[in-house]
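Colleague: Take a look at this one; I'll ask things after.
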Amino acid sequence: MSGSTITPWVVGNWKMNPMRANANQLIEEFKQLLQQNQIADENCHVGVAPVSIALTTVQAQLQDAARTVYTVAQDVSRVAGTGAYTGEVSAELLKDSQINFVLVGHSERRDIFGDNVEILKAKLQNALNAGMTVIYCVGESLEQREQGQAEQVVLQQICDIAPVVTAEQWQNQVVIAYEPIWAIGTGKTASPQDAQAMHAKIREGLCQLTPAGSNIAILYGGSVKAENAVELAACPDINGALVGGASLNAASFYQIVQAFAQSK
């Protein structure tokens with residue numbers, strides 16, 4: 001079942017970049033592009049995910065943008081509330097700062113920092129219960145793809161979280177981002193045909209898990225660039241993009257937003 005009627009999302013994941021002066025300049029340049037070439041809110045949801053210490057600064061900078069641009073946290077604690085947890089930022093603390101969106105399950109969190117299924121379920125559940133919208137990342141390694149396990153791995157990652165997501169949360173608070181691990185930061189991109197095939201399988205799996213399955217946005221994240229955005233955006237089950245390196249250039253990021261806003 002196609003998700004072509006879903007309003008697309010484009011989210012820029014800045015990762016551990018850039019320095020403050022460059023971040024300020026990046027936001028101002030992006031705002032100027034939005035002012036000159038406005039894209040209606042209803043045509044595309046747009047977000048940026050800066051480092052945690054810049055969340056409220058970026059949020060304040062975006063207040064006078066020509067359209068809504070959400071500020072997205074890159075991660076959240078597996079511990080809820082407040083307490084003696086040095087270095088942690090809970091979903092409740094994010095919400096208290098009016099940060100309503102968060103990434104959970106990015107492959108760099110899984111691979112570098114050891115976020116396993118139980119940790120990710122706790123992070124997801126805390127964020128959802130705090131009222132946040134979660135962009136939940138799934139994806140396979142090159143080895144898993146070459147062994148023919150890509151679909152099995154990705155669908156299992158989604159099934160793993162099903163016990164902690166309510167029907168209402170699936171409907172209103174969950175976005176899925178498919179990020180083939182082998183395409184992140186490598187310059188390699190799944191062909192639009194391969195990406196669409198995986199997105200269609202994810203859509204099928206979501207529809208089996210929840211009645212909301214046909215309404216959940218599925219983003220593609222794997223070296224999305226201005227040069228390939230139009231072709232990716234034309235795929236019926238690709239409902240947006242989780243953009244890495246290209247989001248650190250205002251013009252490139254704007255072109256990706258424009259591609260998805262004009263595609264649906």
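Glycine too: its Cβ is placed from the backbone N, Cα and C atoms.
What Swiss-Prot shows for this protein is this:
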ACT_SITE  His106  active site, electrophile
ACT_SITE  Glu179  active site, proton acceptor
BINDING   Asn13, Trp14, Lys15, Gly185, Ser223, Gly244, Gly245  substrate binding site
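What does the local environment look like for each feature on the list?
Modeller: All chains included, 28 other C-beta atoms sit within 10 angstroms of the C-beta of His106 (active site, electrophile).
Around Glu179 (active site, proton acceptor), the same-chain residues at least 6 positions away in sequence with a Cβ under 8 Å from its Cβ are His106, Ser107, Cys137, Val138, Gly139, Tyr220, Gly221, Gly222, Leu242. Look at Glu179 (active site, proton acceptor): DSSP puts it in coil.
In the structure as shown, the Cβ atom of Asn13 (substrate binding site) sits within 10 Å of 26 other Cβ atoms.
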Colleague: Taking the center of the Cβ atoms of Asn13, Trp14, Lys15, Gly185, Ser223, Gly244, Gly245 at the recorded substrate site, which other residues in this chain have a Cβ no more than 8 Å from that point?
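Modeller: Here the nearby residues are Ile184, Val243, Ala246, Ser247, Leu248.
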Colleague: When you measure from the Cβ of Lys15 (substrate binding site), how many other Cβ atoms are you left with inside 10 Å?
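Modeller: Summing over all protein chains shown, Lys15 (substrate binding site) has 17 other Cβ atoms within 10 Å.
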